[in-house]
């Protein structure tokens, strides 16, 4: 028998894994909420938003092998679109519009989500088109710049016409209303008292499942194979007749669309958006989730998101009491320890698991 | 019965005053294995790059199957019907052997994003055909048992075969092989030779650009010899071998054989 690695995707194991994942997804808020209260369910909600983001970024970085350091820009585009379409901000700025819609805009989530996906995809193409001939580090720098440009634009588009309300951000974004149920309030459903964070959790979980489904289908399609071929060897891919420019644009657009959806949900969930939520640090955090988990491998990416979204919160919550118990006082600000551990975890992962914690068996690291 | 598949007329390519290709004309007939040989720096690689759209020729014309052929982008070459392999093997390493060949089917298939997301029956059918076709090609080049192996885990000789299978998947009218025997041992060369003959006998046309004179003389039906960017001899291996200019190009002036 040769030492070569056989790649045999066992479908039985995959479906068992899927079942366990679904179970975990349904039960997670109850377990976490029981143990730590609503703050922790809120952390889970954010983890789900990060999963959507990371799955989008995974298409660009993991499948097509294009290093994108400004991915949070698409999250911002989605968030601001949702904020503008479902807050009083635009109506306050343009009285003519207010006369047209005296009740407020209150755009339905069914309209906002597709619009956010489309607009973000459009921005993906705008970013992609001029950068497609760049590779590796050069592409990373340009995408990083793009992320910053979007954030700075949002910060400064309060003049001459106040579109984004500048650094103050946009408040009073409507919570999601789904089939007449306001997810922003505690609801009684089927005899269960469901606080807002639980309601959002299930909405986000449903969208994660949808995006997951799309990613799995794409990964195993003609398009997915073409992306991976480009990642592995762009020149050989061209020689096989792949229009690599078009395929890369497609990866940017689809990845960005998922980012846009996540951003729109974020805005409705928070009720508030400001440029501060879309800094370079956020782009790097999402990239870290993809890389730490395992580029190009969906289960790995999800693991990376859950770990990196939960770990800082866990450390933040535990470091204060721990120091109290050990030394009788808090010596080091828990916030600093949190960042220290975060950095340490990433360094250890890079040293000992460079392909990610849960890499694809066919390997994806470029 | 035979007709010219690829006709190249007076192709010129200069690099800063040096004529890398100087009025090169050749005609490859359908169903033959055509060899292009020449000493180092003779212009073989330049010719290959001009033919596969990497360089634009300064002048001259290509006709593929009677139609004007003028690639302006590398990815159009495979669609037009010329598939290539690489001198230094370039597979999609982290993908399985099967997936490598399936990527080769890309230009002859149509499934887009919608087919992937919706999973409609026509799309699924095409995907199943792609898979079956790729399995057949793997078996054809003798890699039937390796479908699920990572490309870079295969042996050197197997990787060469996989590259050929991937190129065949594009349904080429002309299969262009850039030094396929490079780095092969004697027994791998014998196997390569029989594979190339099988491919020809099944109706394909092959162009071989090769350093290994012995292999070329053994397997090719006709040969062109390039030297300093010019074609110095064309003909059957036996004729070319005796051609005085060829002997001179390979062995130097004044050599007697």
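From the backbone N, Cα and C atoms, a Cβ is placed for every residue, glycine too.
For reference, TrEMBL has these:
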TRANSMEM  A:45-64  transmembrane segment
TRANSMEM  A:71-89  transmembrane segment
TRANSMEM  A:109-129  transmembrane segment
TRANSMEM  A:136-154  transmembrane segment
TRANSMEM  A:199-218  transmembrane segment
TRANSMEM  A:249-272  transmembrane segment
TRANSMEM  A:284-311  transmembrane segment
- [ ] Return yes if the transmembrane segment (A:136-154) and the transmembrane segment (A:71-89) have at least 3 CB pairs under 8 Å (sequence gap of 6 or more), otherwise no.
- [x] yes
Open item on the list: Looking only at the recorded stretches A:109-129, A:199-218, A:249-272, which one has the largest tally of CB-CB distances under 8 Å to the transmembrane segment (A:284-311)?
Closed with: A:199-218
Open item on the list: If we skip the immediate neighbours and take only residues 6+ beyond the ends of the transmembrane segment (A:45-64), which ones have a Cβ under 8 Å from one of its Cβ atoms?
Closed with: 71-72, 74-75, 197, 200-201, 204-205, 207-208, 211-212, 215, 218-219, 224, 227-228, 230-231, 247-248, 251-252, 254-259, 261-262, 265-266, 269, 285-287, 289-291, 293, 295-298, 301-302, 304-306, 308-310, 364
- [ ] Report the listed stretch (A:71-89, A:199-218, A:249-272) having the maximum count of Cβ pairs within less than 8 Å of the transmembrane segment (A:109-129).
- [x] A:249-272
